[in-house]
Amino acid sequence: MTTLTITRPDDWHVHLRDGEVLKDTVRDISRYNGRALIMPNTVPPVTNTEMALAYRDRILAEQHGEQFEPLMALYLTDNTTPDEIRKAKATGKIVAAKLYPAGATTNSDSGVTDAKNIYHVFEAMEEVGMLLLVHGEVTHNHVDIFDREKEFLDTVLAPIVNDFPNLKIVLEHITTSDAANFVNNASDNVAATITAHHLLFNRNHMLVGGIKPHFYCLPILKRNTHQQALIEAATSGSKKFFLGTDSAPHAKGAKESACGCAGSYTAHAALELYAEVFENEGKLENLEAFASLNGPDFYGIARNTDTVTLEKASWDVPETMPFGSDIVVPIRANEKIEWEVK
């Protein structure tokens with residue numbers, strides 16, 4: 001196959017940051033996506049409706065594709081109220097709220113200290129039909145970083161799923177076979193996003209032969225057996241899994257340091273990277289469902305009506321890309337990618 005035309009895709013989990021870098025991050029994300037769900041862990045975090053709408057306006061001011069629509073999410077804290085959820089839902093522009101366990105990832109210090117603290121907020125979300133997005137890791141110091149997703153599933157997410165059966169939940173950027181199995185065995189109200197980098201890489205890529213800081217992300221890359229389980233889930237055709245890049249840019253110097261930031265930048269070539277994975281598995285026919293259909297169907301949003309075309313054409317990823325007044329190192333920098341969106 002040398003060309004593949006699919007319904008225009010969406011990205012259901014992306015970080016654009018804020019300020020001067022928006023001109024670059026929005027350029028990449030709006031190049032061929034119809035919509036993108038924008039993560040709210042900016043500085044300061046997007047904790048209320050007014051902040052979300054203002055952030056949306058700043059994004060729209062930089063968009064490059066007329067077809068592009070940013071979808072917004074609220075950042076849940078111990079102080080989030082049911083009234084704020086209702087207010088956000090009423091805008092029609094804020095489609096979800098994000099649960100970050102405090103300290104779990106970049107700019108998550110204001111996150112929720114205990115999910116039970118906001119059960120009344122989950123009740124309101126269930127009532128109005130707002131989706132719950134979950135960063136699925138515990139933050140206890142005694143739990144090994146490679147085990148934090150599994151521990152979260154057992155101790156935090158399972159009770160939420162049980163206590164709120166009508167709440168739609170997306171387990172974001174899953175990284176383990178445990179998470180894939182959890183989603184497969186849960187009700188149809190539970191789904192998951194999977195990143196391109198967790199499909200393409202495992203912890204050996206990050207650690208063998210020297211530390212590769214641009215592969216460092218949270219949740220952290222796991223062993224090969226987990227990577228294979230993610231590939232199987234993503235390419236299976238199951239409606240429970242869909243595209244969410246978790247593209248998370250940091251300036252080159254913030255990554256290549258003694259205490260580097262977590263996050264990998266893939267928005268420059270996300271669909272092309274996913275296409276490589278699906279082609280390698282002989283499952284290109286399932287890429288459209290994963291990238292373009294399952295996400296809007298789960299969110300209850302109309303599918304995009306136009307298309308994009310991928311061509312089998314090798315191209316070189318640049319060593320760096322503009323990031324405001326700085327630069328970012330994209331995934332596969334100085335390497336070739338075998339598909340290209342035309």
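Glycine is treated like the rest: Cβ placed from N, Cα and C.
It should be emphasised that the depicted structure is a prediction, and the values quoted were computed from it without experimental measurement.
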Annotated companion of HIS13, HIS15, ASP246 at the Zn(2+) 1 site, Swiss-Prot, chosen from LYS93, LYS98, LYS336: LYS98
HIS15, LEU16, ARG17, ASN41, HIS135, LEU218, HIS250 bind substrate per Swiss-Prot; candidate in ALA54, ALA229, ALA233, ALA262 listed for that same site: ALA262
Swiss-Prot annotation, Zn(2+) 2 site containing LYS98, HIS135 - matching residue among HIS64, HIS173, HIS197, HIS198: HIS173
Distance, HIS15 (Zn(2+) 1 binding site) to ASN41 (substrate binding site) (CA atoms, angstrom): 8
LYS98 (Zn(2+) 1 binding site) - helix vs strand vs coil (DSSP): strand
